[in-house]
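TrEMBL annotations:
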{"type": "DOMAIN", "residues": "8-153", "note": "domain 'Xaa-Pro dipeptidase N-terminal'"}
{"type": "DOMAIN", "residues": "165-423", "note": "domain 'Peptidase M24'"}
{"type": "BINDING", "residues": "Asp242, Asp253, Glu417", "note": "Mn(2+) 2 binding site"}
{"type": "BINDING", "residues": "Asp253, His333, Glu378, Glu417", "note": "Mn(2+) 1 binding site"}
Amino acid sequence: MSQQLAALYPAHLQSVMAAATRALELGGYDHLLIPSGILTYRFLDDRPYPFAVNAQFKYWLPLTQHTDCWIHFTPGAKPVLVYCQPDDYWHIPPSPPSGFWVNHFDIRLISDPADAVKHLPTSGRLAIIGEANAALPGLTPNNPEVVINALHWARSAKTDYELANMRLASKRATNAHRAAEHAFRQRGSELDIHRAYLAASGHNEFDLPYTNIVALNEHGATLHYQYQDARVPTEHHAFLIDAGAEVNGYAADITRTYSFADAEFGELIAAVDQAQLALCDQVRTGASYPGIHLDTHRHVAQILADHGYVNMSVEAMLEQRITSTFFPHGVGHPLGLQVHDVAGFQESETGGFIARPDGHPYLRMTRTLGENFVVTIEPGLYFIDTLLKKLAATEHGKALNWDKIERMKKFGGVRIEDNVRATSNGPENLTRDAFAGV
Ligand code: GLY
Ligand code: MN
Ligand code: MN
């Protein structure tokens, strides 16, 4: 597999360099400098926060745990990597640079972060993209918007190297999803299931691409449920898990929902699954992503009608925005180096903002899909107390089948989330392929 990545990496780096050259040209800059980032510490404490690398840095090469490093790119020249290997006996310093990417960089080893300036230009027109705290004397990140926008724009279309990493991340995550389902069937607690996920994925808490959502029963109705309860619930009704994995800095973001034994909840999961597959099928080059989101509301309305939750027509439900009570988030987002990847609203390479459709404040992408964009498709249908109460208080409250809804609350809700690549030949569903062992 690393042979495959090694073969694909040079073309990826070429396209990153082309994007950087274009971004510098648009902004009128000579050099691009990108710090990986520094460790930051908790208030009045000597304990650092977990390190999260600058995504602009890991766009160039698969280093995700390396603080105090810099990339320097001048169009036409081999990119420079300033690589910090502190002489440290408290921590394990990074090992010497190795891997398929090293020959593509002019590597300068330093042991003191401040020495980076000796290897970087400090004159000329510099675009420095990083957090303010990564500054060194003469090198203060200025984050020119036009340069960032151009780089973000380029990141939307994934290279073959990036797609290969995302397929690997999907496999890593789906293996762990299987282990999590098994732990649920064994009647584990949320914490037991979370640990089973970590063990099977080989991740720890800190290198997951995002905090796992491991929700038993009614917890599934909290969209970003943030705890992992150590107590085993009295009964296992339902399990919603939203958990990812990362390979070389690229993320998978996958959700599955399971019924322990209840047929009615099982039918609801099957209905959402069927709708989700139809939505995934729309992920094609040229498709409108907000269009897919609006279609999701139509599917949710159909399910609410078919399963007898709401006694209204699909059209009436859409008109009165009833579906937003049951599906109160967006259908998904771009995915890549960041779980909620960049440029979801961008109008062109120089910036701009494509507004969300009215009444859809949580949609995270409004663009038309391009070739090799990767997005998530994550419809949901939940029984959320606070939203249901608000709906009950309106004139439409009487159209809801409250007995049925009350009965379903203990299951929380359903979300099914896949990672899908758009091409002009149709979608590639990275998640379903990974579950199927493709
Ligand atoms: N895991 C967060 C999301 O699905 O967007
Ligand atoms: Mn997602
Ligand atoms: Mn997710």
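Heads up, residue numbers simply count up from 1 along the chain you see.
Using the three backbone atoms N, Cα and C, a Cβ is placed for every residue, glycine included.
Heads up, TrEMBL stuff is auto-annotated, nobody curated it.
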Item to check | Local Cβ density at Asp242 (Mn(2+) 2 binding site) - other Cβ atoms counted within 10 Å | outcome: 23
Item to check | Nearest recorded site to Glu378 (Mn(2+) 1 binding site) by CA-CA distance, among binding-site residues Asp242, Asp253, Glu417 | outcome: Glu417
Checklist outcome for this item: Rounded Cα distance in angstrom between Asp242 (Mn(2+) 2 binding site) and His333 (Mn(2+) 1 binding site) is 14
Checklist outcome for this item: Rounded to a whole number of Å, the separation of the Cα atoms of Asp253 (Mn(2+) 2 binding site) and His333 (Mn(2+) 1 binding site) comes to 10
Checklist entry - To test your reading of the Mn(2+) 1 site: which residues beyond Asp253, His333, Glu378, Glu417, same chain only, put their Cβ within 8 Å of the Cβ centroid of those residues? => result Asp242, Ile254, Thr255, Gly332, Leu335, Thr376, Ile377, Asp418, Asn419
Checklist entry - According to DSSP, how is the domain 'Xaa-Pro dipeptidase N-terminal' (8-153) divided among helix, strand and coil residues? => result 46 helix, 26 strand, 74 coil
Checklist outcome for this item: By a three-class reduction of DSSP, Asp242 (Mn(2+) 2 binding site) is assigned strand
Item to check | Residues satisfying Cβ distance under 8 Å from His333 (Mn(2+) 1 binding site), sequence separation of at least 6 | outcome: Val339, His340, Asp341, Gly344, Arg364, Met365, Val375, Thr376
